[in-house]
């Protein structure tokens, strides 16, 4: 066995990144760069299976739980790079930035120390700025991209300033940068400044998760970027930041009980307004942006339950929900990048011109809405059971209301798909690789919905 | 030689941080906004340095170097963005672009 | 063993998928796929029966654990015991014969009713078989519910198979909605079981029941009552029986398979499967017995007035299922299942021969019309039909000694006497009497040669070709309907009853005499004297009574008056009710208000976003310190 196989995935990614940089400077062939990227991502995916033992360094911790998310992040990155290959013709730097950002995300998932935490977050975000403002020589889209880029950049830098300041406050009072040490130190004598520090850290992570009221950039960002990159934002950043958020709260159990009320209010507001805001939008990506806000709101309820009593069931809930959310989101953005149009009116009568694509999109949307026989239903069941077990009645009610509003706007999209309008034939290449990827995703969602137990028991290993 | 009390230094960094926040809220020019962000970053970096000194650890200074690096990377991307903005919009006013909304 | 169980279900599934995906196939290929799957399934069912015969121990086969979240565990298990083996053999055997027959029937029928897809027919039939097998084998209530709903759905699809006729579609709707009402209660019963016992597995339920003290609790009564409502709608017992008569508009093989032999009896099967539950609920059991007696009487009387051959058979199905419910009411589980089996044989025989007869007689279903066309057929064929109907009819009316029906039906009547239910015994005898009259009325009217007053329709259509797929099922079912059929032993525990042989003989003789008297009366009335007996009855009873009898108690009319019209009225006055008002004016407006306000906040202005961010931070800091 390879010694220290635990850091293989991330080191393979680094090697790929270096090779990419060197290759780009010599040879700017799109296909070659693409293949190198895919191979690098695949190797680092496979190397996850070599890992047998957990690793505990002062800077990073690698256990089954973080490996699961590394896996999920790598899968999403793989999908996103494939989407962007078909979406753009000339995009050598995109792969580089995607890999860079993926490294940051994985580092964030593994981190238990403030330095790795900060570096991971910033590596992810800075590479993301580049991806967001990637110009396509298309005046209208470029302006949108620039605008969303500047918004995201300013707000995100401000959030990282708050993060840094919060961490600085903690360091100032406790003289330690390792999170795990706070577990022993922070128990009873919490001062005002430590509370402020923790809240600032959590807020800046909440910004990345686009939790209301720190969400305002999200729909603009989703609308402005190109679909493959939106998929990347919606999956990789959300997964990694959420896991970091959870790690942080798991490590700080005693002192964060005061956060419960705030978190409850925030999650209720996030679920309700996230769903309400998506009601009458006319841009598919904007709807998905709001829906991602709502979905993170559902996940936040699990965090609240975790504050009360931590058990395996909660970790399982988060695993399953994030898995279903990731796969569904990837599928939808795959279709959007395939069709290359995001206005809702364009999707009118899609079924009559491209029935297979419409059906796949329907499955994805049903899964997001949490209709039975899809993967999303299983995730929703978990969330519901969780709230029920911990008797979070207000949250339960808001989940119910939010879900029913959600069904309205998801079905609005679906009804658009099946509208009978005379329509010119859509022209796009259906034989592309993306099409089969999306198809496989929708199949997986259906299989997960029909036969959940195999996948659940597989995931249970990781929680 | 008497050391300055550490609380004073902390208050200084707090003041710097609030200056940054107010700058962000008040100013509309994107360059000034970047400057304010830099001020905020540096104020927190300052806290790291002094608390590292206070606890007698090198960690604070390590963190300071990391922050500097990140700030540099961020600003370089920010400036690249500014060039594009100037090309496309001919303006540095952040209120000029509000096409994405609703 | 597990493989055999899976294979039994797998073949119908595969053929369903094949038929669903490949729509444009030749008819022969469709027939081969549709029947072949059932053949292979039947082979494995026989293997299973053989295995069980060698090693008669009930066992549980764990197939798949579908989901287990927190404390909700749903396992898909198959349970094999004598009951399920018998049912599997009945369903597969009868299903195979009817599938075989329907290749002939449907091909002949398509000469008359064009542009319907044959593959659709076999698709639904195979799907039905699959669901029925799941229903029988499933040990889990959820899995059972899947099969339960599935057979109802397939029944709906097959009733409205000739969907171009409006009336057929309506009949399909009626069947579906009526059974759905029962299914709803069935599902509620399952939830009650979950609340009470925290399990969905029937075998686990059984062990939990055996641990209970034998107390009569209202809860068990409630659960059993809910299940009873589910079963009476599926098994078409009064008052939810109205759909079955209308269901006869479907193709005749469908009536034979679904509405006579298998699906109708699934309610009986379910009660016997969970009989430990019903044993704790004596009131419900009594209700079941009561419902059974009422149904068997009313349906029998109604059959006397019907003229459509399929409707007569449907009425007789109702009354025979009524007998099964009576058997359940007196806790005679073995007798009930035995009657299910024998009834499946002779009713399938009757339906198949009726279907064949209908095709031969220019697709007319009226017995008076059939008789006028019948004579134009060639002599051999006439004799064959006559033979089939006489055997089937005498099995139905339980002609002593030679028919199979005698051994199953008399058993129920006998057991009701022995268990001390004298009233049920008398009703059962009356029912047997009526059964023999209406059965032989039908036969005698159809095959009566004295038809001076009727015009003979000359048959100018080409003589039909009766091939193996037509003859073989008839032949096998003919044999099974005679005494030979009753020799089949079912591997279940028989009722232990203490009685002396004299009482048994006495009862048997009484019921035999009653049946023979009934047949003689029928012969007296219909063979020699006036055939306008309907008019006489109408004069004697009056039109209203006749109508009530004709529609089996006039429940359709009652439902229209008591349920549908008030419902529609309520709907009409409720059009502008307060809930709609609240939804339209308050909830809608509140949500829209929030929507507009929040979208105003997303004004795309970066400085505004910055302000929101800072305000958000300040508020959450304040809240976390204050709260």
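Quick reminder: no glycine exception, Cβ is built from N, Cα and C everywhere.
The domain 'NADH-Ubiquinone oxidoreductase (complex I) chain 5 N-terminal' annotation in TrEMBL covers C:66-122.
Among the features that TrEMBL reports, domain 'NADH:quinone oxidoreductase/Mrp antiporter transmembrane' is placed at C:139-435.
Within its own chain, the transmembrane segment (C:30-54) has Cβ neighbours under 8 Å at 1, 4-5, 7-9, 11-12, 14-15, 18-19, 80, 82, 85, 88-89, 92-93, 95-96, 99-100, 103, 107, 118-119, 121-123, 125-126, 129, 133, 491, counting only residues six or more beyond its boundaries. Per TrEMBL, transmembrane segment is recorded for C:30-54 (among others).
Feature annotation from TrEMBL assigns transmembrane segment to C:85-105 (among others).
Per TrEMBL, the feature transmembrane segment maps to C:142-163 (among others). Outside the transmembrane segment (C:142-163), and at least 6 residues removed from its termini, the chain residues within Cβ reach (under 8 Å) are 66, 74, 76-77, 113, 116, 120-121, 124-125, 127-128, 130-136, 169, 171-173, 175-176, 179-180, 183, 186-187, 190, 200, 202, 230, 234, 246-247, 249-251, 254, 258-259, 262-263, 266, 270.
The annotation transmembrane segment is assigned in TrEMBL to C:175-197 (among others).
The transmembrane segment feature in TrEMBL is assigned to C:217-233 (among others).
For C:254-272 (among others), the entry in TrEMBL reads transmembrane segment.
Annotation comment: TrEMBL describes C:312-330 (among others) as transmembrane segment.
Sequence annotations record features per position, and here TrEMBL assigns transmembrane segment to C:383-404 (among others). Panel annotation: around the transmembrane segment (C:383-404), residues 316, 320, 342, 345-347, 349-350, 353, 356-357, 360, 374, 377, 410, 432, 435-436, 439-440, 442-443, 446-447, 474, 477-478, 480-486, 508, 511-512, 515-516, 518-519 of the same chain, lying at least six beyond its termini, place a Cβ under 8 Å from a Cβ of the stretch.
Residues or ranges marked as transmembrane segment by TrEMBL: C:424-447 (among others). Here the transmembrane segment (C:424-447) has long-range neighbours at 289, 293, 296-297, 300-301, 303-304, 309, 312, 315-316, 319, 322-323, 326, 329-330, 357, 367-368, 370-371, 374, 382, 385-386, 389-390, 393-394, 396-399, 409, 412-413, 416-417, 510-511, 514-519, 521-523, 525-527, 531, meaning same-chain residues at least 6 beyond its ends whose C-beta is under 8 angstroms from one of its own.
Among the features that TrEMBL reports, transmembrane segment is placed at C:468-488 (among others).
According to TrEMBL, the transmembrane segment annotation covers C:508-532 (among others).
Long-range Cβ contacts of the transmembrane segment (C:544-569) within its own chain (Cβ-Cβ under 8 Å, at least 6 residues beyond either end) map to 238-239, 241-242, 245, 298-299, 301-302, 304-306, 315, 318, 537-538. Annotation comment: TrEMBL describes C:544-569 (among others) as transmembrane segment.
With a cut-off of 8 Å on Cβ pairs spaced 6 or more residues apart, the transmembrane segment (C:175-197) and the transmembrane segment (C:217-233) reach 3 or more such pairs and are scored as touching.
Within the same chain, residues 148, 178-179, 181-183, 185-189, 192-193, 196, 240, 267-268, 270-271, 274, 277-278, 280-281, 283-285, 287-288, 291, 325 sit at least 6 positions outside the transmembrane segment (C:217-233) and bring their C-beta atoms closer than 8 Å to a C-beta of that stretch.
Across the domain 'NADH-Ubiquinone oxidoreductase (complex I) chain 5 N-terminal' (C:66-122), the prediction's mean pLDDT works out to 83. The list of residues near the transmembrane segment (C:254-272) in space but at least 6 beyond its ends in sequence, with Cβ under 8 angstroms from a Cβ of it, reads 83, 87, 90-91, 94-95, 98-99, 101, 125, 128, 132, 135-136, 144, 148, 151-152, 154-155, 158-159, 161, 227-228, 230-232, 234-237, 244, 247-248, 278, 288, 310, 313-314, 317, 321, 324-325, 328, 333, 336-337, 340, 343-344, 347-348, 350-352, 355. Secondary structure counts, DSSP: the domain 'NADH-Ubiquinone oxidoreductase (complex I) chain 5 N-terminal' (C:66-122) has 33 helix, 13 strand, 11 coil.
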